[in-house]
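Chemist: Before I ask anything, here is the structure I am working with.
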Ligand code: KG4
Ligand code: ZN
């Protein structure tokens, strides 16, 4: 079975091909155009520009894929498309494109929650590692969450951010430091030359036995610190030290919360994904503590950490193989949460 994946929920326009052969889902194509340079001057995403770019880039990417893979579109048997969460207008572009294609080709469409795309992305190319239940950790620009995954569309939320997502904190701190958008990779680059213990920023763990995250206190602490030390910002070492210390605080929070949740819910496998988990120091600290506790951590490969369409096609292919039929109806939902699968009694809403 050949799946076409389409992702357009935020500022990446992506399409991918995943082929199921003898029970294995193989990545046949992975194309993405990021809009980061376009949104850079604004320090965040401008929805109007995002929509224009998606509309322009989706047909371009498809043409490229057809040419580079000598693909005959008629070979595609199903489409998986992100139906939320994300920017409503961006979601609409991807869904209209998917629906139009599906109609023309006479094939079905499978709506995928963007977060479940991230949740299962660590298993791309390593399905043999997939065993339920596992602890899903997603740390991205829009979300920071921990969920117990007991099966496809059987998610129990364990914790999420009560204010800023970790990626958002990276982006905002980067902006305060005069670094460009997206801030995560910029801060990581600076942090490589810095001392993570030069400044002690808060490590917000809230209460024990509470797995929610909070990053706004940390962001504010960095903001005040920068305001107090404005004249030092031009010094390279100072900038590197602030970046390293901020990154260390985020890494420690993620490490502590995730391992505590895994222990408390007796989950011996953590599947970790999302843009922020492309960060080497955050991966390193989590891996270290998990190892000490005898817990396995499977990180999404770096190219699948940030938004991509492979994870969307992969969820379609994987769930179909696990016996979930393909949906006929779909609802776009910019606030689509993982808990909605339970509350709408739509674990099998196909
Ligand atoms: O998963 P993603 O591509 O998009 C969302 O679904 O949000 O995540 C984007 C976020 C941005 O906030 C970006 O600054 C952050 O991931 N990010 C990083 C790194 N690479 C991307 N944060 C820390 N370190 C990185 N290396
Ligand atoms: Zn994402």
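Using N, Cα and C of the backbone, Cβ positions are placed for all residues, glycine too.
Whatever TrEMBL says is automated annotation, not expert-curated.
So TrEMBL lists these for the protein:
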DOMAIN    27-314  domain 'Gcp-like'
BINDING   114, 118, 307  Fe cation binding site
BINDING   138, 139, 140, 141, 142, 171, 184, 188, 279  substrate binding site
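Describe the structural surroundings of these features, if you would.
Modeler: The Cβ of residue 307 (Fe cation binding site) lies under 8 Å from the Cβ of 7, 9, 10, 11, 12, 14, 32, 114, 140, 275, each of which sits 6+ residues away along the same chain.
A 10 Å cutoff on Cβ-Cβ distances gives residue 279 (substrate binding site) a total of 25 other Cβ atoms nearby, all chains included.
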Chemist: If you draw a 10 Å sphere around the Cβ of residue 184 (substrate binding site), how many other Cβ atoms fall inside it, taking every protein chain shown into account?
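Modeler: That number is 29.
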Chemist: About how far apart, in whole Å, are the alpha carbons (Cα) of residue 142 (substrate binding site) and residue 118 (Fe cation binding site)?
Modeler: 12
Chemist: At a 10 Å cut-off from the C-beta of residue 140 (substrate binding site), count the other C-beta atoms across all protein chains.
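Modeler: I count 25 other Cβ atoms within 10 Å of it.
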Chemist: List those of the binding-site residues 138, 184, 279, 307 whose Cβ lies under 6 Å from any atom of ligand 2, in sequence order, or write none if there are none.
Modeler: 307
